[in-house]
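Structure first, commentary second.
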Amino acid sequence: MFDPKKFIDEAVEEIKQQISDRKAIIALSGGVDSSVAAVLTHKAIGDKLTAVFVDTGLMRKGEREEVEKTFRDKLGLNLIVVDAKDRFLNALKGVTDPEEKRKIIGKLFIDVFEEIAEDIKAEVLVQGTIAPDWIETQGKIKSHHNVALPHGMVLEVVEPLRELYKDEVRLLAKELGLPDSIVYRQPFPGPGLAVRVLGEVTEEKLNICREANAIVEEEVKKANLDKDLWQYFAVVLDCKATGVKGDEREYNWIVALRMVKSLDAMTAHVPEIPFDLLKRISKRITSEIPNVARVVFDITDKPPATIEFE
């Protein structure tokens, strides 16, 4: 039986020993994994830790503001926010292969972290890597940017949650007193919306994806299903379909909805979702977001599918 209090005590001591009197930075996304890793590390080394949030331009709506409010204002962590939108989007121009996208994003993250580390004289990079991340990477299912790190990286990596699964991390978050908005926050892929925009990442598709995800999250929460579902999100497919706007033909993007239940992300199943909820989401996406012709719902379990499309 997992004992969160015991784990916290042991992890804090282990982090102290690993980092010692050196400075460290942590890659902070605002999700539960990196948040727990940040609080544990802060308990261990205090102000020798600097949290770094990289605004890649691939984040959810309001993500940056939420991170600043929670970690700088409420939790009092040293927080650096890096605006790297142009850098990431330029590097992704013309790239359609999902593994290539993940590798480009992973390399850019490390470049940014190493630059910050050099500025503040940090020697250690703390990450919120959990067990499913490295299991999927080793199994060559898909690369996780926080596992497939580039050779020659100068920072030493510390991963206090490496052997844990998401349900255990949530128990730690509760024990550490993190707000419910973080404890129950649904998992979000490290490469962000880049893997929810199939094919080439463009500003148009990113904007559609960001707005569609905001609508899905809002409607699922209104239906009180947010704590019941493991993940619920929207994906912009790399193809278009014919639709009708007024009396005119249109040829625009297809948005796919994905909603699954899971305990640890190693397997997942699609539950029966109220049809009126799906209809509401579809109506809002097609009426509120320009250039969307159609909304579809993915009913594939994991396996054979993965939870994310890319």
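Residue positions begin at 1 at the first shown residue.
Keep in mind that glycine also has a Cβ here, set from the backbone N, Cα and C atoms.
Note that the coordinates shown come from a computational prediction; the quantities given were computed from them, not determined experimentally.
In Swiss-Prot this protein carries:
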{"type": "BINDING", "residues": "S29, G30, G31, V32, D33, S34, S35", "note": "ATP binding site"}
{"type": "DOMAIN", "residues": "2-185", "note": "domain 'GMPS ATP-PPase'"}
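Structure coloured by features recorded in Swiss-Prot.
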residue	record	Cβ contacts under 8 Å, 6 or more apart
S29	ATP binding site	F53, V67, G128, F188, G190
G30	ATP binding site	F53, E63, E66, V67, T70, F71, I182, R185
G31	ATP binding site	G128, I182, R185, P187, F188
V32	ATP binding site	K166, V169, R170, A173, L178, I182, V183, Y184, R185, P187
D33	ATP binding site	G128, T129, I130, L161, K166, V169
S34	ATP binding site	I26, A27, L28, Q127, G128
S35	ATP binding site	L28, T70, F71, G128, A173, L178, I182
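For the recorded site, S29 (ATP binding site), the DSSP three-state label reads coil.
Apart from the site residues S29, G30, G31, V32, D33, S34, S35, the chain places the Cβ of L28, V36, A37, A38, G128, I182, R185, F188 no farther than 8 Å from the centroid of the site's Cβ atoms, the recorded ATP location.
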